[in-house]
Amino acid sequence: MTLSFTARWRDELPATYTALLPTPLKNARLIWYNDKLAQQLAIPASLFDATNGAGVWGGETLLPGMSPVAQVYSGHQFGVWAGQLGDGRGILLGEQLLAYGSTLDWHLKGAGLTPYSRMGDGRAVLRSTIRESLASEAMHYLGIPTTRALSIVASDTPVQRETQETGAMLMRLAQSHMRFGHFEHFYYRREPEKVQQLADFAIRHYWPQWQDVPEKYALWFEEVAARTGRLIAEWQTVGFSHGVMNTDNMSILGLTIDYGPFGFLDDYDPGFIGNHSDHQGRYRFDNQPLVALWNLQRLAQTLTPFIEIDALNRALDRYQDALLTHYGQRMRQKLGFFTEQKDDNALLNELFSLMAREGSDYTRTFRMLSHTEQQSASSPLRDTFIDRAAFDAWFDRYRARLRTEAVDDALRQQQMQRVNPAVVLRNWLAQRAIDAAEQGDMAELHRLHEVLRQPFTDRDDDYASRPPEWGKRLEVSCSS
């Protein structure tokens with residue numbers, strides 16, 4: 001089967017990009033590719049043949065129909081207007097045509113200098129490409145909307161960050177790379193007609209059912225807000241901290257995008273800060289819902305030329321509704337509740353307070369809870385708490401709540417184990433794979449990718465364990 005590409009972005013939004021070619025790396029070589037995703041997309045296996053060099057995965061060749069561009073956008077970073085940003089090291093190679101007219105962006109990260117590189121070198125490093133590949137695939141298999149990773153190319157090109165590292169490229173796929181920052185760019189340039197063109201493009205290609213509806217813009221923004229709310233709810237329930245929620249890192253389609261200083265909670269700490277550059281804690285774990293709302297308000301400002309204020313405010317309310325509704329539903333599932341009862345929030349908050357006091361592992365606590373039997377006061381979870389009396393008191397109330405529903409243990413446990421993962425991408429697991437890869441050993445990278453494809457399967461190895469001492473509180477920065 002021949003891959004087909006189109007260039008809708010390039011053809012329809014000429015003010016939003018610069019056309020240019022990738023700059024290949026020295027001695028580039030393919031070290032990993034996503035075999036399952038490649039099969040789903042009918043990508044010929046021959047394209048991954050190492051004897052052909054890095055090929056399209058390293059920017060050495062293009063596939064027929066590809067028309068590479070670097071996109072321009074702006075944004076607020078850490079709450080401050082940063083002005084023009086853009087693809088400083090990434091290039092949109094093309095949009096693969098899929099069934100029923102949908103498309104998939106092929107975006108090559110680390111592809112070299114662009115007009116938007118500012119003071120950067122246009123490169124990505126092996127460390128960051130491995131982290132993004134692992135994180136995006138982990139999120140996908142957790143059922144959370146995200147970009148995807150298709151391939152990683154390593155090289156001998158030296159790249160200077162805090163220390164000297166080596167350059168790499170990541171092929172990232174997404175239904176769209178349209179960001180809040182695209183709209184901000186033209187709004188602050190006082191070009192509202194181009195802001196509207198972006199909205200028209202989004203509606204035409206991602207929400208075509210609204211194209212001929214008079215209130216299409218208001219409906220579209222409501223859906224953007226709702227998708228954002230559901231996304232943030234998913235992050236909070238799985239213990240994911242993005243780390244750098246700038247407006248240019250926010251997807252119009254409600255995808256998790258731009259994995260940098262992210263982290264999954266180890267110990268339950270609602271104030272967890274994954275990014276060591278975030279000195280004020282703006283992007284701490286428990287502040288993510290408020291930051292997402294703030295970012296939506298910045299996007300709403302750009303839409304004021306063609307959406308009424310009341311409609312924008314209704315959409316922002318929709319964000320809150322979607323966030324709270326989805327979060328509540330997901331947390332009830334994590335607790336094994338099939339109905340909503342008035343004291344559920346209090347019971348959950350009591351558990352969170354107990355976990356915070358004890359430093360309980362977020363993922364392991366909920367996974368162990370999913371093995372609870374209604375009639376048994378014993379639980380392996382009890383042994384993880386120091387204050388056994390406090391746990392026993394909470395656990396008695398929890399089992400009493402379970403007994404209010406006519407659901408047998410087997411069915412409830414099955415539901416809980418579908419939403420409470422045994423494995424998440426802890427920073428120490430990613431670092432172990434990176435350390436080995438930087439020494440030329442890719443086995444752990446491949447092994448970890450396989451493990452992350454089955455996050456809801458119980459394991460008795462260290463992929464499902466708490467981090468070792470060296471792996472606790474690993475510092476992660478925006479440097480990539």
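Here the Cβ of each residue, glycine as well, is placed from N, Cα and C on the backbone.
Keep in mind the model is a prediction, meaning the values are calculated, not measured.
Per Swiss-Prot, active site, proton acceptor is recorded for Asp248. Asp248 (active site, proton acceptor) carries a helical DSSP state (H, G or I). A C-beta separation below 8 Å, combined with a sequence spacing of at least six in one chain, links Asp248 (active site, proton acceptor) to Tyr73, Ser74, Gly75, His76, Gln77, Ala82, Leu85, Arg179, Phe180, Gly181, Glu184.
Secondary structure from DSSP puts Asp258 (ATP binding site) in coil. What Swiss-Prot lists as ATP binding site is Gly86, Gly88, Arg89, Lys109, Asp121, Gly122, Arg172, Arg179, Asp258, and the listing cites sequence analysis.
What Swiss-Prot records for Asn249, Asp258 is Mg(2+) binding site. In the shown protein chains, 25 other C-beta atoms lie within 10 A of the C-beta of Asp258 (ATP binding site).
Annotated pair Arg89 (ATP binding site) and Asn249 (Mg(2+) binding site), C-alpha to C-alpha distance, rounded: 15 Å. Here the candidates are the binding-site residues Gly86, Asp121, Arg172, Asp258. The one whose C-alpha lies nearest to that of Asn249 (Mg(2+) binding site) is Asp258. In this structure, Arg172 (ATP binding site) is part of a beta strand by DSSP.
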